[in-house]
Each structure stands twice: as C-alpha cells, then as structure tokens.
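**Q** Below are the features I grabbed from TrEMBL:
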type     : residues : note
REGION   : 1-34     : region 'Disordered'
COMPBIAS : 18-32    : compositional bias 'Basic and acidic residues'
TRANSMEM : 52-73    : transmembrane segment
TRANSMEM : 161-178  : transmembrane segment
TRANSMEM : 184-202  : transmembrane segment
TRANSMEM : 297-330  : transmembrane segment
TRANSMEM : 350-370  : transmembrane segment
TRANSMEM : 422-441  : transmembrane segment
TRANSMEM : 466-483  : transmembrane segment
TRANSMEM : 489-511  : transmembrane segment
TRANSMEM : 523-542  : transmembrane segment
Amino acid sequence: MADEEGPTVELRQRKKLKSSENKESVKEEKISDTPIPERAPKHVLFQRFAKIFIGCLAAVTSGMMYALYLSAYHERKFWFSNRQELEREITFQGDSAIYYSYYKDMLKAPSFERGVYELTHNNKTVSLKTINAVQQMSLYPELIASVLYQATGSNEIIEPVYFYIGIVFGLQGIYVTALFVTSWLMSGTWLAGMLTVAWFIINRVDTTRIEYSIPLRENWALPYFACQIAALTGYLKSNLNTYGERFCYLLMSASTYTFMMMWEYSHYLLFLQAISLFLLDSFSLEQSDKVHEVYKIYIFSLFLGYLLQFENSALLVSPLLSLVVALMLAKCLQLNVKKGTFIAKIMKVINFYLVCTLTVTLNIIMKMFVPHRENGHMLKFLEVKFGLNMTKNFTMNWLLCQESLQAPSQDFFLRLTQSSLLPFYILVLIICFLSMMQVIFRRIGGKSLKETITLEDGRIGGRPEIIYHVIHTILLGSLAMVIEGLKYLWTPYVCMLAAFGVCSPELWMTLFKWLRLRTVHPVLLALILSMAVPTIIGLSLWKEFFPRLMTELMELQEFYDPDTVELMTWIKRQAPVAAVFAGSPQLMGAIKLCTGWMVTSLPLYNDDDLLKRNENIYQIYSKRSAEDIYKILTSYKANYLIVEDAICNEVGTTRGCRVKDLLDIANGHVVCEEGDKLTYSKYGRFCHEVKINYSPYVNYFTRVYWNRSYFVYKINTVISFQS
C-alpha cells in the first residue's frame, strides 16, 4: 500500500509546489549556465565593499559638511558669537522663542523630574491657564536636549544655546545623509546621492526652514522621517537578503516612532505614506506581507505614542489608525482567488471600496466615543481655503493671509527651474509613472511578468520601491500645489527622485525601449548617460552656484534690533516679577524667553482657546473704545500693554491682509457697497488714540516706557469707568 500511495502523494505535492519548483529549477539553471572563475567571488566581494565604503563615506561627509555649513552661515548671519545672551535669544522669533524658553526652564530646574512636572503642570506662561506644555507643544526634543546637555557634562564645555542649535544642525546633516542613501538605494550609485545633496543645498530656501526658525518641530522631526523612508526603500527592494531586511525593519520601527513623538502633525504625513503603500499593495506590485508588516509598525507607534504622550487622543482619532485597522480587517476578509481572473479583478475593486468605507466609518466611530480636542479652526480654514464657505472671522482671514498657507508663487517654480531641478524631476516622474501604468495594465490583463527585473528589460515601473516613491511624491506634490508651506515636505523628495532618475541606467533603458533605439546599443548608451548626465549637471551647478554659497559664508551680516533689546532690558529691570504682559503673540513669545514674565497669549495655532485670546488681544489695533480694550485686558489679568508701531502703522503687506484691516472686517467697521469699502466707527483706532494721552484713555492706561518701536502702558486699577 505504501508503494501504491507514494506516487499519488508525490503528484499532489508537485501540484502544490509546482511554482516553487519552477523557481528553484530556473535558479539552478542560471547557476549551472554561468561558470564563475575561482577568484571571481573575492574580486566581486572587494568591488562591492569598495563601492559601499566609498558611498557611506560620501554620505556621512555630505551630512557633516552640510551641518558645518549651516553652523557657519548662522554665525555669519547673526554674528552669534559676538553677542550677549539677550541679543542671541532675540534671534529666536515667534513660536521658536517658546520652544527654546522651555529648554532653558529645564536646565534651571533642580532635577529632571521636577522640570518635567513643572512643564506638564505649567501655570507660569499664560495667565489664568494651566497647560501641559509637553503634550500641547511636543516638547520632547527639549527634554532630550536638556538631558543630553547635563548628562554629557557639556555645561562645562559649551553654552546651552550652542548645544541646542548644534543638535538641530546635526539632525539636518542626518536628514541630508538619509536623502543621499535613499537616492543611492534606488539608483544603485552613490553619484545620485551627491546630486541629491547638491540640489538640496542649492534649493535650501524651498527645502528647509532651518535658516528662519531653528527650533521648529519639523526641523527636529523630518530627519527621522527621512531615515524612515530610506529604511522603507531598502525594505521594499525585491533582492534584499534576510539580514538587510531585518536591519531595515528595525530602523524603520525606531524612526517611525521617534518621528511621531517629535511632531504633532507626523501622523498626517504617515497617513499619506500609508495610502501610498495601500495603492502599492492594491496593484500587486509587492508582496502583501511586507506592506502589512509596515502597517503593524504604524499601529505599534500609534499606541506607544498614545501612552507616552499623556494619552494623546489625537492619535486615536487620527485617519492613520482608521486606515490601518481598515486594511487589517479587509485582509482578514479577503478570499484566496487565482490572480488574473475576472473574479480576482472584481475582488480587488470590492476590497478597495471596503477599505475606503471602513476607514471613514471607523474614524467617525472613534471620534464619537473617544474624547478629543477637535481642531475646528483647521476644518473651517480648509472650507474657506477651497471656497466652500465665506467668513469675516479674524483668525480665519489672518491664516488665509499667511504666505505659507497660500498657493506657491511663480518665484518658487522659477527657482527650481533655474537650478535645473524641476525639468529633470518632471522627466523622471513622467517616465516612472508611465512605466508603472504599463506594468499595472499588464498585471490587470493577466500577463505574467518576470519576477527579477534586469537592465535589458527596460521596466523601471516594475520595481516596488520606485512605484512607492512615485505615488508618494504625487500625493505630497498635490498638497504643495495648494499650500506653499507644505513645499518643505515635497521639495527634498523632488531632489532625491530627480537625482535617482538621471543616474539610473534602468530609467534611460526604459525610455530607449519605448523609442525602439537601434542605431546604438541601448544598454551601453543607458550606462553612458547615467554617468554623463549627472556629471554635466554637477559641473554646471558647481560653476553657477558654488561661488554664491561661498559669498554667503564670506559676507558678515548683522541682526540689529536695539529697540527690542531695550524693551526686554526695561522689563527685566523695572517690571514686577508677578506682572502679566499683553501684546501681539509674536512679541509675547520673545518676552517669555528673554524675561520669563507671564503673558496673555502665545504664537501657537493648535489651540482654540489661545487663538481666541490672540484675536481678543489684537483688538488693541482695532477701532474700539478704551473701555472695551480695558475690559478685555483685565479679563486676562494683564498689568502691562505693549503697542507695536510696526503693526499700528503697518503699510508693507497687501492691503486687506494687514492686522488692522482684518480687525475692521471682523468688527463690522468696513462695509462693502458696490465695490467700494466704507469705513465706519465712532471710535478712532485704539493704538493711535492711546498715544495722544487724553481722556478717557489716560483714565485706564498710563504710559511708562517707549522707544521708536514699542509703547508700554501700565493698565490702571480703576473702580469706575469714565466715558
């Protein structure tokens, strides 16, 4: 019986393992057909080692040189080393001042535990308000920086401000290195990494905001996101060995979680990445197992972040969690159907619809049952931005007037074109996208494609890591075309994708196969162009832009703001320690950093209460009565009012976007009739009237200090109001 049953079992096993046996036989045929000399393995190993060593050296050197360049440029721009501590702190503008002030508070704390407690129960920053500053402002970078500064004994070697900005500049070096590695992994040559770095630095006005505001959360977070993308690129490669796959997976896990901890908006960016991976999986361009392993990383990072960020409910109601859970459920419900059949195509459509429906449904359910802080102002802003609603609200119109929230200007595209970045990016994107669509349609049509893609195939759209980047850059680019501030997420990957394309023989081979080039051997020409084109681009960039970069480092600029220095000095010397100051949010951030005094508002726009405070305090530049302003200021327990001449007499910005214009619209002091704007108010503009020192203004406010830019008024303690 055993002899009779044996052949039957063997036949069954052959049916089940037919595909795997075919693969093994193909591999065996390849190995047997290609005889290798005895010394070849050592020679190949040495070549690979030399290539990796030189590439890694170039990547690390590029990152270090960029960090040193930023440090030198910052020194030249602000003349930082020759300034007093107060003058250095004034260079931190707006919300950057708030972040650095909490770093200072941590260094002053008697212990780390006490410092964290004071930040999580902070009632010394905003009057009448206790906030968890660590959660609300994502102060984990400041906590880590303060621990490193004290634990490494750096307090005996370097000043706190240099240590702080040095970490940020170092992270920017890691950012550049990660982009280098990503481009290298995609193209197979470190020449692409060098070109990526060159384009990144030349277009740094559009690739990073490090020059304008060092402590921004994105400057701390995006380097980790770049590392995550580099690891994901390696992880998606088809020819990766087991050890390389594990390393990429671990790096991806660590960088994803760190990125989520550093920036409150990180889960939105990861949501776009998850959509890209979902589309990649839907088109069967990569094994589903790998993509679903990345989904597990998302879930782990979200829940760990939720626990360590003081049960941050924003992570539970984020679209990322809803999408990943929907994808997991859809996979459980998925049926095993033979690929290429009509039923399989129908199932793909049903699965796509199911994921989209489940994502929306789960997100609605989570928001119903999980208590969370609704970002209502952001939803209203998007409605007004896309013309779905009209409003006179000051905050909404003020946000719409911000340059970073408007559509990109023509100058942005002109700068990218002058550096030759945009033309090559468009060329690479078109070729990769068309090749991707070609592969997708072949798969939909049930045509079998080679599992291992060679250079001769000219099919760059079959590589999963390339397709992921194409989808991701299209999503980021679509957002950047609507809101200019998002260009800082998109432009670095424009540099990386364009550099990869021009240095990739596969891309040129794909183009030549479409053109059916026969006069010259296409493989040889593709290899020549993949070396010649980036070399020519690099030489032209060196000739045109390198002298400019050197000129920037040679020019000694000076940040000169004596009026603000005088104001901060007066506050520290004359104002009582318990005093509360009121004024524009940007100035309040500087006062909190430079003096430590309590303020009524902060330059933060993720909290509805703070936005309402900002709008109320800005009324000092409106046409309201002295009594109204007094009531507003005393409701926040303010003792001093600071009027800025630059806002009161603002003329530089576009008419209609000035603070006083927006206030007039919100307060109904501007009436539009037949295209004409008519102004009406029985009161003059407060910031003008209070300077004249006549009744009733002198009954409520007493001027105690002034210079060319600022007027400081003490808010009088009065019992009865006079009209």
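Cβ from N, Cα, C; glycine included.
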**Q** Can you find at least 3 Cβ pairs under 8 Å between the transmembrane segment (422-441) and the transmembrane segment (350-370), where each pair is 6 or more residues apart in sequence?
**A** no
**Q** Suppose I define contact as three or more CB-CB distances under 8 A, residues 6 or more apart in sequence; do the transmembrane segment (523-542) and the transmembrane segment (161-178) meet it?
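**A** Contact between the transmembrane segment (523-542) and the transmembrane segment (161-178): absent.
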**Q** Near the transmembrane segment (184-202), which residues from the same chain, at least 6 beyond its ends, have a CB less than 8 A from one of its CBs?
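**A** Cβ under 8 Å, 6 or more out: 51, 54-55, 58-59, 62, 66, 69, 176, 230, 233-234, 237, 419, 421, 465-466, 469, 492, 495-496, 498-504, 530-531, 534-535, 537-538, 541-542, 545, 549.
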**Q** Could you give the residue numbers and ranges of same-chain residues that sit at least 6 residues beyond the transmembrane segment (466-483) on either side and whose C-beta is under 8 angstroms from one of its C-beta atoms?
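**A** Same-chain residues near the transmembrane segment (466-483) but 6 or more away: 186, 232-233, 236, 272-273, 275-277, 279-280, 283, 285, 385, 404-408, 429, 432-433, 436, 460, 489-491, 493-494, 496-497.
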